[in-house]
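A.B. asks: Features from Swiss-Prot:
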type	residues	note
TOPO_DOM	1-6	topological domain 'Cytoplasmic'
TRANSMEM	7-25	transmembrane segment
TOPO_DOM	26-31	topological domain 'Extracellular'
TRANSMEM	32-50	transmembrane segment
TOPO_DOM	51-71	topological domain 'Cytoplasmic'
TRANSMEM	72-91	transmembrane segment
TOPO_DOM	92-97	topological domain 'Extracellular'
TRANSMEM	98-118	transmembrane segment
TOPO_DOM	119-125	topological domain 'Cytoplasmic'
TRANSMEM	126-145	transmembrane segment
TOPO_DOM	146-188	topological domain 'Extracellular'
TRANSMEM	189-208	transmembrane segment
TOPO_DOM	209-228	topological domain 'Cytoplasmic'
TRANSMEM	229-248	transmembrane segment
TRANSMEM	251-271	transmembrane segment
TOPO_DOM	272-306	topological domain 'Cytoplasmic'
TRANSMEM	307-326	transmembrane segment
TOPO_DOM	327-353	topological domain 'Extracellular'
TRANSMEM	354-373	transmembrane segment
TOPO_DOM	374-401	topological domain 'Cytoplasmic'
TRANSMEM	402-421	transmembrane segment
TOPO_DOM	422-429	topological domain 'Extracellular'
TRANSMEM	430-450	transmembrane segment
TOPO_DOM	451-462	topological domain 'Cytoplasmic'
Amino acid sequence: MEKKATVGFTLLLLGVMMAIIITSMFVLKVEPHIPLVVCLLIAAVFGRYLRVGWNDLESAMIDGLKIGIKPIFILALVGIVIAVWMMSGTVPTLLFYGLSIISPEWFAVSTLLICMIVSSFTGSSFTTVGTIGVAMMGIGTALGIDPAIAAGAVVCGACFGDKMSPLSDTTNFAPGIVGVDLFDHIRHLLWTTVPSFVITVILFLMIGRSQATSTTQDIQAMLTALDSQFTLSVLTLLSPLLVVILAMRRFPTIPVLVVGILTGIITAAFVQGNADVARWFTIIQNGFSMETGNEVIDGIVNRGGLQSMMWSISLVMIALTLGGVIQRIGVIDTLLQSLTRKLSSRGHLIAATATSSIGVNVVTGEQYLSILLPGKTFESFYTKLNVAKKNLSRTLEDAGTLVNPLIPWGVSGAFFASTLGVDVIDYLPFAFFLFLSPFMTILFGYLGIGVGKEQSLANKRG
């Protein structure tokens, strides 16, 4: 008969795991993959101690992986999109015009706002980061902007749409699991989103004016290199435009990315004159490669391909497998139940919900679980304490959706790091919007700002 995991047992396991991960990443300076494998083995040993059968543990690993099949496939496709859009001249064209228009001091805030607009229209941070985000990173590199700052601006802007857009899957998922109307949920999000985003804009404005940048001569040399090696045409922008339009029309992400790849290949053939099928396959697999004569431009355009995403895909697979085992042996349930004790006030309830979402993100690396599990666990307590459930759905978004990109082994974190070429640990200090939002939701919960009672919500619906 299986044993039930106690709070002490749960804290011991999590403590051991976090010690391994933190020591490995910050002291030994190694990649997170093997430390997570070690944690997986330790979790399995703990599971056997609790008398969970090995077959059950294997099934839990498979169940954990099932959650990540779609994100993994998207990771692979985005790697291909990047390579194809380099080959087609799409990113070089955006880079050329971006260097001509955007001044260095306005780069950070411009990137933030551009990515915010695109993600709001598409509802997808992955699509935004993998398309316009890559182009903005290239512009930032050419302008001499710190890559960590550029990545922070891209991630903040991209995650705005993930949180606020009615087209976003998490924006629909969070209110859906707790029975809150979608647009009530979005309106309620404004209480924490507006101040967090305004502060983020101000911080990026301040940072932008203090950045050392490339000289005019350097920029002109890059423009010359781009113009000499690529056919820079508005036709190369049709592919990303089509991707954005299809995403706005709520087409599924995977078919949208496939369309982006196919139209990019067609553009490469007719605009760039690259009709070599064998070279297409090589670029799709290994990434775009060209010597432009400018070292900075070479570093920007020589990237992408399926192979470039294998680091992230393998990390996500290990993390999701670990998350499946952790969930199966009862660690997450025990952790959540321990947080539901002594919930006597609205502030404590919202703080406990946020802490749970962050904890599930850290333990499993999975965004949806960080919304689903705390949502179902705490839902009845919001009714019991007469706190409007739109506070619950808002907290799940602020601490679930937005924290995942801050976890190096999280699905979003691994994807953003691989796509932008900047480690999560490096861009984290500049991901202002992502950590300001959960802070605001906890603070407002205690201060009573932007919250309502369940009874008033019920009357409104009636």
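Any Cβ shown, glycine's included, is placed from N, Cα and C.
What you are looking at is a predicted structure, and each value in this text was computed from that prediction instead of being measured.
I'd like these features described in context: how deep, what's nearby, how far apart.
C.D. replies: Sequence-distant contacts of the topological domain 'Cytoplasmic' (1-6) (same chain, six or more residues past either end, CB-CB distance under 8 Å): 13, 49-52, 329-331, 333-334.
Listed as Cβ neighbours of the transmembrane segment (7-25) (distance under 8 Å, sequence separation of 6 or more from its ends, same chain) are residues 32, 34-36, 38-39, 42-43, 46, 50, 330-331, 334-335, 338, 362-363, 408-409, 425.
Tertiary proximity for the topological domain 'Extracellular' (26-31) is limited to same-chain residues at least six positions away from its ends with a CB under 8 Å from its CB atoms, namely 311.
Tertiary proximity for the transmembrane segment (32-50) is limited to same-chain residues at least six positions away from its ends with a CB under 8 Å from its CB atoms, namely 2-5, 9, 13, 16-17, 20-21, 24-25, 57, 314-315, 318-319, 321-322, 325-326, 328-331, 408-409.
Residues 1-3, 44, 126, 253-254, 316-317, 320-325, 327-329, 364, 366, 368-369, 411, 415 of the same chain lie 6 or more positions beyond the ends of the topological domain 'Cytoplasmic' (51-71) yet place their CB under 8 Å from a CB of it.
Sequence-remote contacts of a segment are chain residues at least 6 beyond its ends whose Cβ falls under 8 Å from one of its Cβ atoms, and for the transmembrane segment (72-91) they are 126-127, 129-131, 134-135, 138, 230-233, 236-237, 239-240, 253-254, 257-258, 260-261, 264-265, 267-268, 271-272, 274, 280, 283-284, 287-288, 300-309, 312-313, 316-317, 414-415, 418-419.
The average pLDDT computed for the topological domain 'Extracellular' (92-97) is 92.
Away from its own ends, the topological domain 'Cytoplasmic' (119-125) comes close to residues 155, 157-162, 164-169, 171, 243-244, 247-248, 250, 253, 405, 412 of its chain (Cβ-Cβ under 8 Å, at least six residues beyond either end).
Same-chain residues lying 6+ beyond the ends of the topological domain 'Extracellular' (146-188) with a Cβ under 8 Å from its Cβ atoms: 107-109, 111-125, 128-129, 133, 136-137, 140, 197, 200, 204, 207, 211, 247-248, 250, 367-368, 371-372, 375-376, 379, 382, 389-394, 396-398, 400-402, 405, 416, 420-422, 426-434, 437, 450, 457, 461.
Residues of the same chain lying 6 or more positions beyond the ends of the topological domain 'Cytoplasmic' (209-228) and with a Cβ under 8 Å from any Cβ of it are 92, 95-96, 99-100, 104-105, 107-108, 142-146, 149, 292-294, 296-297.
Residues 76, 79-89, 91-92, 95, 137-138, 141-142, 214, 218, 221-222, 224-226, 228-231, 261, 265, 421 of the same chain lie 6+ residues outside the topological domain 'Cytoplasmic' (272-306) yet bring a C-beta within less than 8 angstroms of a C-beta in it.
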A.B. asks: Is it true that the transmembrane segment (126-145) and the transmembrane segment (189-208) have 3 or more Cβ pairs under 8 Å, skipping pairs fewer than 6 apart in sequence?
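C.D. replies: Contact between the transmembrane segment (189-208) and the transmembrane segment (126-145): absent, because fewer than 3 Cβ pairs are under 8 Å.
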A.B. asks: By DSSP, what is the split of the topological domain 'Cytoplasmic' (51-71) into helix, strand and coil residues?
C.D. replies: 17 helix, 0 strand, 4 coil
A.B. asks: Do at least three C-beta pairs under 8 angstroms join the transmembrane segment (402-421) to the transmembrane segment (229-248), pairs 6 or more apart in sequence?
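C.D. replies: Judged by the Cβ rule, the two regions do not touch, with the required three close pairs absent.
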A.B. asks: Please report, as numbers and ranges, the same-chain residues at least 6 past the borders of the transmembrane segment (307-326) whose CB is under 8 Å from any CB of it.
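C.D. replies: For the transmembrane segment (307-326), the nonlocal Cβ contacts are 31-33, 36-37, 39-40, 43-44, 47, 57, 60-65, 67-68, 71-72, 75-76, 78-79, 82-83, 285-287, 332, 363-366, 369, 409-411, 414-415, 417-419.
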A.B. asks: Helix, strand, coil residue numbers for the topological domain 'Extracellular' (327-353) per DSSP?
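C.D. replies: Tallying H, G and I as helix, E and B as strand, the rest coil: 19 helix, 0 strand, 8 coil.
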A.B. asks: I'd like to know if the transmembrane segment (251-271) touches the transmembrane segment (189-208) in this structure, counting it as a touch only when three or more C-beta pairs sit under 8 Å and are separated by 6 or more positions.
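C.D. replies: Between the transmembrane segment (251-271) and the transmembrane segment (189-208), which are separate recorded stretches, there is no contact, as judged by 3 or more close Cβ pairs.
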A.B. asks: Report, as numbers and ranges, which residues of the same chain sit near the transmembrane segment (354-373): CB under 8 Å and 6 or more residues beyond its ends.
C.D. replies: 14, 17-18, 64, 67-68, 170, 173-174, 177, 316, 319-320, 322-323, 326-327, 331-332, 335-336, 339, 395-401, 403-404, 407, 409-414, 438, 441-442
A.B. asks: Same chain only, please: residues at least 6 beyond the ends of the topological domain 'Extracellular' (327-353) with a C-beta under 8 Å from a C-beta of the stretch. Say none if there are none.
C.D. replies: 4-7, 9-10, 13-14, 43, 46-47, 50, 52, 56-57, 59-60, 63-64, 359-360, 363-364, 369, 373-374, 377-378, 381-382, 385, 387, 391-392, 395-396, 399, 441-442, 445-446, 448, 451
